[in-house]
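Pulled from TrEMBL:
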DOMAIN    17-232  domain 'MacB-like periplasmic core'
DOMAIN    267-388  domain 'ABC3 transporter permease C-terminal'
DOMAIN    717-833  domain 'ABC3 transporter permease C-terminal'
TRANSMEM  265-289  transmembrane segment
TRANSMEM  316-341  transmembrane segment
TRANSMEM  361-379  transmembrane segment
TRANSMEM  407-424  transmembrane segment
TRANSMEM  436-464  transmembrane segment
TRANSMEM  490-513  transmembrane segment
TRANSMEM  713-738  transmembrane segment
TRANSMEM  759-787  transmembrane segment
TRANSMEM  807-826  transmembrane segment
């Protein structure tokens, strides 16, 4: 039977080619994602090991801010550590965001990863981490050194004047040297700027303070012994860990990031494979239907029922194996190409060799073979029912089987719709609601998939009416061909439906989020402009003060957010200027008033109700610097989408911060002077690469642009599923043409010319595509609206928005895809020899 399976595959190779292609694309997605993840993780692990090479012990703060003496991790501790036995070197470092500005005023390199740190010479006068290649090390304020790649990218040489964005502002400096550094950030395409230690501490921490002190052991001193010696000297609020632990943390952080990305991508790979199962099932159903006589003959000459079934399933296994191997090769090639492409962008991953692990090979084979065998399982069950004296044609599905399938589909739809509606009504915004709504949506979608054969009869019948009027006999033949085998039509349409269902559902959710956030920003913000930093560091206090003193400004307030303990739980707390804050942000008070912002705690209404807080209540507070106190609740306000549930004034918060934080200042213009203020802000800060000036409308558009970008990424990932659906349409039509060879020959013989034969196939494809598209967008819109009802955005009220123009575009696109997919089968049908077709069986 093994040889029989191989002969059958060889004979059916053209018919199985498109099925193999669907498997190849699905497996390539999986293999490419796994290879990409392993390559990036391994490169990040290598970078982490390089960063902490030779480090025996590291001493660092164990929280965001060290309580007590801010100089606890300072020169005094460094000197004490140097005096320990077994210590070779001790190095204190302080690091923060810093980016070089090129001669055109643009930021250089990968901005989010670019950093500044201190050049820390040891007793011999050099820093072992940074080897000077030109010039000298920075030794005073106004001097910097750059990594070699960063200096080349910016176009600077030693002795040039340049600008660096750091510490919330832009500083002028002289390039005094370039260095070679083994640093993960440089591998990512970022720039590294070196300052003298006092300047770096002023920019990124506090005077005489480090954020990490590394200790290297002398030969023969174990890291564990060094750790035991260091720990007694570590001040409160800090911790000592081994260099191996620092490396492992960096590696785990990189692995967690890539694992999350890989999981998201594998979801889309799963969607593509799921769509592929429809094609595989359809192909084997059609092949087995054509081979009824052949399989019956095998039974007649002595093959048992089990042998025939195993032979057909072996064909599926071999098909899956071939598709999986080709998909693995394509996936590795795609991963290599994507890595090469990304290395020229701002999102470049760490450099390293391509990594192909045995697990990737195993999963690719398991997925490719498993999906193919599973998808072919139901069609091969029919083999067992073929008797030795089988009929001359394949038996259609029994009415009982269709009845049970339809009944099960109706029950699943009923449970899904009723459950989703009840969940949304019973607990809107509840914590468990999104999960329950998702489960109900999956049940409803599964029910619709089971009912598609039944739905195809009615829906295609309606869609076919205009075709019969416009195209006459050709339209009638196309509609009858589409309805000839409802299960085949359903399987083909389902592949397209799944892709459009996901695209439409996510589009509805994205449009709803976009409109809701836009309305929320318009309602919650009364400021006309915002000035924010381009990096992740806070804005300099001098810049904040300067904005408030500009002409045409009625009010300007910095917006700070911190984590503090309110009562018995950690909470996000916002802070605004006590006078200007209520002018730039809408505060709709239920109780109390804006005057309470000066010294009291303001609480959002729902949060106050859930915590049982009212005006006059006293709340214990632990501030970021570790000090504790109490605050009186002086106001309760309605939800504002921009604000957090807890609000204090900068007058209350700032004394508890080591350095001012806050990346944004909201500015309100004096009455009638908005245009003048815009010109003033752009004159003052427009040329500063450290700052960005945005109008209220630009802020709102920025929120929408982020959602649009995410949707475009999702569309690109789902394109694989749609591509596989197109392959399914081509496959079904091509095999249908082969099945109907004699029929097409008869039609040609009685006067149907080649042009109308092509039209016949194209109209059939259009009907199937339109049917799948209407089901997909209808189901996607419904589930998208239900999902929106289940999303809780806290302070942002979320309403459903249905983007009808875009949904209409999806339907038109699906129709165009169907017509494109029909091109090859239609051409093949039109070129058939009439006599040859009439002589076929």
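Residue numbering: from 1, along the chain as shown.
Each residue, glycine too, has its Cβ placed from N, Cα and C.
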Which bits of the chain, at least 6 residues beyond where the transmembrane segment (436-464) starts or stops, bring a Cβ under 8 A of a Cβ in it? 402, 405-406, 408-417, 419-420, 423-424, 475-476, 478-479, 482-483, 486-487, 489-490, 493-494, 497, 501, 767-768, 770-771, 774-775, 779, 783, 786-787, 789-790
Do you know the mean pLDDT across the domain 'MacB-like periplasmic core' (17-232)? 86
Given a Cβ distance threshold of under 8 angstroms, which distant residues of the chain, six or more beyond its ends, lie next to the transmembrane segment (265-289)? 12, 15-16, 18-19, 22-23, 25-27, 29-30, 33, 295, 312, 316, 367, 371-372, 374-376, 378-380, 382-383, 394, 487-488, 491-492, 494-495, 498-499, 502, 714, 717-718, 720-721, 724-725, 727-728, 731-732, 735-736, 739
Could you put numbers on the helix, strand and coil content of the domain 'ABC3 transporter permease C-terminal' (267-388), residue by residue per DSSP? 99 helix, 0 strand, 23 coil
For the domain 'ABC3 transporter permease C-terminal' (717-833), what are the DSSP-based totals of helix, strand and coil residues? 95 helix, 2 strand, 20 coil
